[in-house]
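A.B. asks: Please find one structure pasted underneath; my questions will follow.
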Amino acid sequence: MDSHVSHPDQATASAPSVISAAGLGLTFPTNDGPVRALADVDLTINKGEFVSFIGPSGCGKTTFLRVIADLEQPTAGTISINGMSPREARERRAYGYVFQAAALYPWRTIEKNVALPLEIMGIAEAEKRERIARTLALVNLTGFEKKFPWQLSGGMQQRASIARALSFDADLLLMDEPFGALDEIVRDHLNEQLLQLWARTEKTICFVTHSIPEAVYLSTRIVVMSPRPGRVTDVIESTLPRERPLDIRETPEFLAIAARVRDGLRAGHSYDD
Amino acid sequence: MKSTLAWQSLVALLLLLLALLQLPLVKATADGAAPVLMQTVPFRIYGLILAGIGIDALYQSRFLRAISLFLCAHLATFFLFTQIAGANGTARPAFYLVLAACWLLAWRCVTVLSELKPAGRFGRIALSLIIPAIFGAWILIIWEAVTRGLGIPFILLPPPSAVFAKLISSLSIIVADVNQTILKSVLAGYIMGCAGGFVAAIIADRFPFMRRGLLPIGNLVSALPMIGIAPIMVMWFGFDWQSKAAVVVIMTFFPMLVNTVAGLAVTSTMERDLMRTYAAGYWQTLVKLRLPAAAPFIFNALKINSTLALIGAIVAEFFGTPVVGMGFRISTEVGRMNVDMVWAEIAVAAVIGSLFYGGVALVERAVTFWHPSFRNGKA
């Protein structure tokens with residue numbers, strides 16, 4: 001671990017920025033004319049923050065994450081990750097990406113799936129084994145090393161895919177609706193574990209979701225987005241303490257933030273009827 | 001003790017009753033002398049069949065019933081065949097009725113066997129071999145009974161016993177033929193054709209302009225008629241096995257090319273994006289993601305090619321060959337009316353082809369165990 005230990009509340013002002021986007025836009029050409037997936041996004045994310053992106057489908061939240069990951073190319077504005085272009089950041093393995101589905105390779109055991117990025121990056125055998133053990137312990141999957149993905153439940157598969165994203169120790173974690181396909185109970189459990197993991201590793205996390213309680217429960221900052229064109233309509237700083245038990249979701253403070261997120265979503269949402 | 005009659009047993013009893021009205025089993029032979037055994041053998045046959053039905057109806061143990069049914073059905077069949085030994089074409093309707101009763105008994109035996117639930121792994125494997133073996137044996141028994149009972153001319157369809165006898169008596173010739181055709185032409189052609197198709201598929205995948213050029217050419221080559229290709233290959237590569245291997249290469253190249261190209265395209269966007277986030281290069285993505293994902297397709301091509309290679313090599317030998325080889329033997333022995341030898345070669349080719357295919361399928365199971373079609377219903 002590095003020596004950068006600080007409280008996120010104080011950190012936001014002084015911490016170096018991990019992601020900074022200015023006037024970012026992305027237009028897809030389609031057969032029905034160009035679609036503006038992102039327009040004029042200005043956003044700075046600092047080290048150690050947990051930022052959620054929330055909004056209806058088509059608001060560009062996943063597209064924004066994919067631009068950070070260099071999986072899409074912006075057509076306007078600038079974006080830098082740790083002061084580098086997204087391409088450089090990707091080539092230096094600056095981030096771990098967790099997709100909507102676990103996307104584990106079925107011919108590899110859990111252990112081998114977690115080892116995949118390490119193999120590609122050419123990590124030595126001994127260190128590889130040590131990292132696999134450590135990250136699997138981090139997501140509570142110790143003992144399942146030799147199982148194949150299709151022998152595990154959906155929740156465990158998604159945890160394994162988080163372990164895979166953590167295994168090479170990137171400081172930035174990009175998560176695209178990782179728990180969207182899981183049921184409520186499993187989701188609660190994984191949210192709790194994710195918070196503990198964030199507290200232990202002090203990573204910067206960008207988290208796309210369309211669940212208001214999930215966004216409020218997890219984040220230090222919530223970015224509300226709206227579609228046509230995809231843009232940021234509100235950025236809400238969370239006043240919740242860093243230590244968050246599950247029943248914090250019944251406190252008036254939590255409900256007040258959730259109400260503000262909901263208002264933000266409603267304001268940006270145009271009903272077509 | 002229990003007492004229930006299976007429907008197979010009921011029908012078998014009915015057939016025995018009908019046969020009783022039609023006795024004797026065989027016509028007197030041409031020289032007028034009926035076989036000596038004639039009076040006692042029908043009693044033995046009837047006794048065996050009735051014993052099988054009786055034990056099946058009265059006892060509980062599936063194992064005992066299966067064993068007794070098996071022995072009774074096949075001993076009765078054996079005695080039935082002694083009746084027409086050396087006198088083809090003498091069977092009367094009663095012969096077929098009793099044979100049908102024996103067959104029903106064997107059917108009943110398979111039914112009882114498939115109800116057995118052996119505890120050990122060995123027992124399960126043995127059972128999974130015995131049931132198809134009984135099934136296959138009865139195809140041969142009925143073939144034998146019909147050809148011998150009706151006295152079908154040897155040229156049209158020899159009985160399996162005669163084919164087997166020929167196979168044993170000319171084993172050294174057949175071994176030489178297998179060595180020439182299978183171990184030289186088929187194996188060499190199969191390995192070169194499959195490897196060539198695979199390498200071409202990788203090249204086509206790496207360079208899109210190659211895909212546009214290679215696929216149509218591969219398609220064109222596979223559409224060439226073998227009748228035309230084989231003699232040309234003989235002119236190019238000589239009479240020996242090399243020309244046959246060349247024909248096999250041409251036949252196996254295209255299925256491998258097309259299947260591998262299709263297999264390399266099956267990965268999802270998400271799986272490829274994942275490799276991209278690791279900044280993995282083309283070859284890393286190929287080896288760690290796209291080739292494993294393509295394995296089911298590649299094995300499909302290997303299985304298709306295992307039978308294509310055999311057909312190609314045998315047929316190619318019709319167009320010029322040294323005086324050895326399965327295709328050469330079939331074409332010359334047909335000309336000399338030695339159909340039993342032809343059938344012996346066909347039988348050997350069928351067995352080797354099945355073993356070849358089965359071997360590839362076993363390797364496939366071991367390599368693509370993770371594919372939904374092999375993982376035993378686990379999601």
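Each position is counted from 1, following the chain as shown.
Positions of Cβ are set from backbone N, Cα and C atoms, glycine also.
Unlike curated records, TrEMBL annotations are generated automatically.
From a predicted model like this one, the values you see are computed outputs, not experimental measurements.
From TrEMBL, here are the annotated features:
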TRANSMEM  B:42-59  transmembrane segment
TRANSMEM  B:66-87  transmembrane segment
TRANSMEM  B:93-113  transmembrane segment
TRANSMEM  B:125-143  transmembrane segment
TRANSMEM  B:187-205  transmembrane segment
DOMAIN    B:198-367  domain 'ABC transmembrane type-1'
TRANSMEM  B:217-239  transmembrane segment
TRANSMEM  B:245-266  transmembrane segment
TRANSMEM  B:308-330  transmembrane segment
TRANSMEM  B:342-363  transmembrane segment
A.B. asks: Among B:66-87, B:187-205, B:217-239, B:245-266, B:308-330, point out the range having the most Cβ pairs under 8 angstroms from the transmembrane segment (B:342-363).
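C.D. replies: It is B:308-330 that shares the most Cβ pairs under 8 Å with the transmembrane segment (B:342-363).
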A.B. asks: Output the single range from B:93-113, B:187-205, B:217-239 maximising the number of Cβ pairs under 8 Å to the transmembrane segment (B:42-59).
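C.D. replies: Selected stretch: B:93-113, with the most Cβ pairs under 8 Å.
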A.B. asks: Going through B:93-113, B:217-239, B:308-330 one by one, which has the most CB pairs that fall under 8 Å from the transmembrane segment (B:187-205)?
C.D. replies: B:308-330
